[in-house]
Each structure stands twice: as structure tokens, then as C-alpha cells.
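Annotation source TrEMBL lists domain 'ABC transmembrane type-1' at 74-251. Under the heading transmembrane segment, TrEMBL lists 12-32, 77-101, 108-130, 136-162, 174-193, 199-221, 233-250.
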Amino acid sequence: MAVRVRRISQRNMERIIALLTPLAMLLVWEILVRSGMLDARFFPAPSSIVGTFYHMTFAAQWDSSLTYHVLVSLSRALVGFLIGAIPAIILGAIMGLVPLVRAAIQPVVGAIFPIPKVAILPLLMLIFGIGEESKWAIIAVGVFFQVLIATAAGVANIDRIYLDVGTNFRAGRLAQYTTIALPGALPMIFAGLRLGWGAALLLLVTAEMVSSQSGIGFVIWRAWQLLTVEDMYVGLVVIAFIGVASFWMIDSLERKLLPWKKG
């Protein structure tokens, strides 16, 4: 009982520290700006950023509001993420189960994966135009390889005895795929999904900076063009918040699907 109470109190202490640390950093930042030790032209006070956030969120025109840009960015990120992640999980599991498929595809993946995905954005814009399709495509490409590699590695490293048991029970390829390969590889798949979502946000902002009139990337780029630094910080904070919230959601889903996993 005492050990359990100690663990709970330690967990609460960690949460308190995790909450107080960024608040303390913001307080120091505010003090440094107000005392003149930080140049407010480049590092505006957090209170000023909060005020800008309020005005941007409740802008008079809907298509000029921060909420509109956030929803546009989220829709682009989710569509591109799903387009990339779903086929990556399917193909990755097949690669892990079938050595011949893995041998055929792995060299191609090894050649394409190191290419910076931003470098192929001009090509995708030529193919799909400057509309939504090119943004979905660049996000999907970035997500695809992250999830594919993680899924293939997770399935390939499943203890062979589980597959042998499935074979002894005359489980077909599809049954092995759905009841052994995918559940056994879920920890690695979730690791790939985290990396893929991080890549999705990065590529989303880049694509919106290059060819968009909406979205968080557009907000940041327009702020640079107009030298409205507070707007730029608002965009950065929003992206950071989306990242933290989405990773928390992925972790929560993983804990529900993998209750036996520690940490």
C-alpha cells in the first residue's frame, strides 16, 4: 500500500513539474522582455502574444480567423496522414510476413526514404497542381515511409513461434496477418505513427508556406512578409499545441489497445 501511495505521489509530482516548468520559463521570458534584456521586436512578451492570439481567434471575418486556419490545416494533415498510413501498415505487414516481398521492396524504400520530402514538393505541385492534392500528397509520402519501415520491422521481429502456432492450427495468410502479425507489431506501428504524424505536421507547414492562402503555415509565412512577429509566434504556438495534443491522443489510444505495454 505504501509503495502504491509513493508511486501515485511521484506521478503527481512529475505532472506538477511538467506543468510548472513551462510556466516558469514564460514568466522569465516576460520579465526579460519588460526589463529590456530581450529585444521585443524579435521576442515579444508572452502577454503580447496572448493578446494577439485572442484578436486572431475572434477576427471579424471567418476566413481570416485563426480558428479557420487551424481547421484547414488539421483537415489537410489528417487526410494526408490517412492516405499515407493505411497502405503503409498493409504493405509493411506483408513485407514482414513474406521475405520475397521484403527483398523486392526494401531496396526501393532504402533509395527513396533518405530523399528530403520537401525536395519533391515542386514535382508533386507539377503533377497535382497547387491545390489540396499536392499538400495531401507530400504529407502522405512523408508519413508512408515512416509507418512502412516501422510496421515491417515490427512484423519481421515477431517471435517465429507465434507464426508456427498459427500454421499448426492451419491459419491462412489472412488469419496470420490479422490475428498474429498486426497485433504483435502494434508497438512498432504506434512508434511509426508518432514519427509519421510529426512528419505530417512538418510537411504541412512547409507546403502551406509555399503554395497556400490558408492554414497555419500561411499564417506564419504572411507574418514574416508583414513583419508581424506576434502573429508568427501565435502560429508556432498553435503548431506546438497541436503536436502535444495529438501525441497525447496517440499515447492514450496505444494504452487502450496495448494495456500490457509498460510506460
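Glycine residues also receive a Cβ, built from the backbone N, Cα and C atoms like all the rest.
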- Query: In terms of Cβ proximity under 8 Å, which residues at least six beyond the ends of the transmembrane segment (233-250) contact it?
  - Reply: 44, 49, 52-53, 56, 66, 70, 73-74, 190, 193-194, 197-198, 201, 205, 216-217, 219-220, 223
- Folded-back contacts onto the transmembrane segment (174-193), same chain, C-beta under 8 angstroms, at least six residues removed: 85, 88-89, 92-94, 96-97, 146-151, 153-155, 157-159, 162-163, 166-167, 250, 253-254, 257-258, 261
- Message: At a threshold of under 8 Å on Cβ distances, which of 108-130, 136-162, 199-221 pairs most often with the transmembrane segment (77-101)?
- Response: 136-162
